[in-house]
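Okay, so here's the structure we're looking at.
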């Protein structure tokens, strides 16, 4: 008899252990043994038989939506076993467990009324006043959760006017009780499961702990804060989310915490503005937490009992507080988010760590369901991370985060596309193109990706042939969206227009210009209300020297969008090409008032004022430009480079003006006949400047981009002083510019002008040669070098240099005129006459600045 009691006690403890771990396979093995027929354990055997059948059914069919269902054979057997326990009487210790399991069974079948009767019979509040074993704690928590779901279903079925706020508050209270009990149960279950001294890593346990809570408790934990938010109590909902996250983390709660963190981050990003945001509180809660909870759960510990040590009425999860910090860390050094973006980003970064640990890499068929679930969870986190980081313009961080997803994103188009867009926004164009090519391999007919790939090739990488191929594929798909179709034609036009600029042969250049205009015409016919199409048409017509037609197109662009700065810029240049300098000045002045931070417009204004009003007036504008530059420098540098700035997380790209985003192209293209060579020259200058900054040159600190702008202003000022015959003042300006951009081709060109004005032709020629070594397509350097050779009597060298200039830019009228004079001096009168006639014809339609100063930007 004593041996029988000992076996029964041992089996009872073993069963309770596996019930706490939700190890249904082990329970199935135990109850199938004959030993469970031992007297005193038969009732527990019936309970376990019913429980594991019910739980296995619910794992396959979670009771998330309530629809009347037909009882499956497993549920019928489970009902039969549980009814046997109920028949054993109230005095039986398993009686209320059986009632709670029966309530869950009826709820799974959609039998709401029967569920309510059973829950009333159990009297959950009375049970909570007692010390509960871990297994019963879970059942009670599920009882509260199911009671809340039943009340919510009954409230939903009522009419809107009959709803009682007290009932709604009671529902939330049920969910909150269920959530607290669920988190406490998981903390205690962690002690039981990992308290034997076995060290287990997070990655090895994450997949096995997710079923401990089950779908009912997971719903209860998440539902309470969402109901607060639905009632309009946003702060209460957010505080409930935070309270759940303050619970001491153990391995069994990691999946729930990850979900809660992601949902809170979504609420913060979508529903909270900075003015309404309340930062988390550091106030301590009911009791001090066991700060060694996680360490003991990892390293093990002896648990002689399966019962919790909580006192009556204190079935609350252990919480983190300020007292749980390390002793050497003062409370004021704890990080507390001060903005809604900070808290959302912190939550998402923590969630990212967890989803990367839990992701399923196994590609076999049996892991397909787990792999899909983990991927969808990761996708939700990374999509929110993209929103949070994009708001801060932190595209480099975003691209690095998405780069980590590539290890589990095989054949997943969405994640690849997000990665490509992040790289594009971060300015990593070469890699962005590679990612877009992979996206097109996954979906060759994705019109959006084709458009992005074409844009990267044409606007950033200057790969005209590849861009044309992508754009042609986009057009061939003939998308229903007229915007995409017109953009396809637009990029085809831009591609052929850029090829015409790069072409070395006259016939090839003409053919490419014709193709470009044809595609621009198709684009405008597809979407005649798109101002950008008319603008690019006007720009291409201007480059082809069809000035009247270009004026008509640019007027259409301004009619459709009066706030487009490049259209005003182009209009001023077109008016100057017709020698209407007063109208050009009026236009550029209006544009500068409308866009006061646009340095590109301001530079053009300086040149127009020099022609209309003289160099002195233009010098005053340069002085204003320096003051404007100082304002930009003072507003950008403290927030970007000074750690003590008001907002150190925001990057410079978020504070740049419209001109700062396009001025680099303006500077690179000025007086350059080849887009490709001007971009190459810019890279050479950047590399040389980096070398200079690490050697003997003294470069002022600050943003390199802002330094280039100031250097450009000083160089324009130097040219104005030269026109006033003040070479010493011009030399001082060049010295100032050298502090900003020490090895710029324009800097060397202006030095050549100064030396030439002083009669130092050898030094001037060396300066022009150095400028051309950096940028072989700098037309002004070629023109002046050719003219200098002519004056020195080196006619053959002058002819060679000037022919190179007109080959690179056939619209350079000064080069044609000088070449005509060189040929005349050589006795080639017929060729000289042709060159002079060409130069005069081009001079009649030449703008005050080259049309290439306006970049081809696709928005």
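Cβ coordinates are placed from backbone N, Cα and C, and glycine is handled just like the others.
Record features (TrEMBL):
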{"type": "COILED", "residues": "1-28", "note": "coiled coil"}
{"type": "COMPBIAS", "residues": "296-314", "note": "compositional bias 'Low complexity'"}
{"type": "DOMAIN", "residues": "3-402", "note": "domain 'Tetratricopeptide repeat protein 7 N-terminal'"}
{"type": "REGION", "residues": "280-323", "note": "region 'Disordered'"}
{"type": "REPEAT", "residues": "413-446", "note": "repeat 'TPR'"}
{"type": "REPEAT", "residues": "745-778", "note": "repeat 'TPR'"}
{"type": "REPEAT", "residues": "779-812", "note": "repeat 'TPR'"}
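DSSP states for the repeat 'TPR' (745-778), grouped as helix (H, G, I), strand (E, B) and coil, give 27 helix, 1 strand, 6 coil. Listed as Cβ neighbours of the repeat 'TPR' (413-446) (distance under 8 Å, sequence separation of 6 or more from its ends, same chain) are residues 379, 382-383, 386, 390, 395-396, 398-399, 402-403, 405-406, 452-453, 456-457, 460-461, 463, 477. Sequence-distant contacts of the repeat 'TPR' (779-812) (same chain, at least 6 residues past either end, Cβ-Cβ under 8 Å): 504, 506, 509, 543, 545, 671-674, 677, 745, 748-749, 752-753, 756, 761, 764-765, 768-769, 771-772, 818-819, 821-823, 825-826, 842, 846, 850. Broken down by DSSP into helix, strand and coil, the repeat 'TPR' (413-446) contains 27 helix, 0 strand, 7 coil.
According to DSSP, the secondary structure content of the repeat 'TPR' (779-812) in residues is 27 helix, 0 strand, 7 coil.
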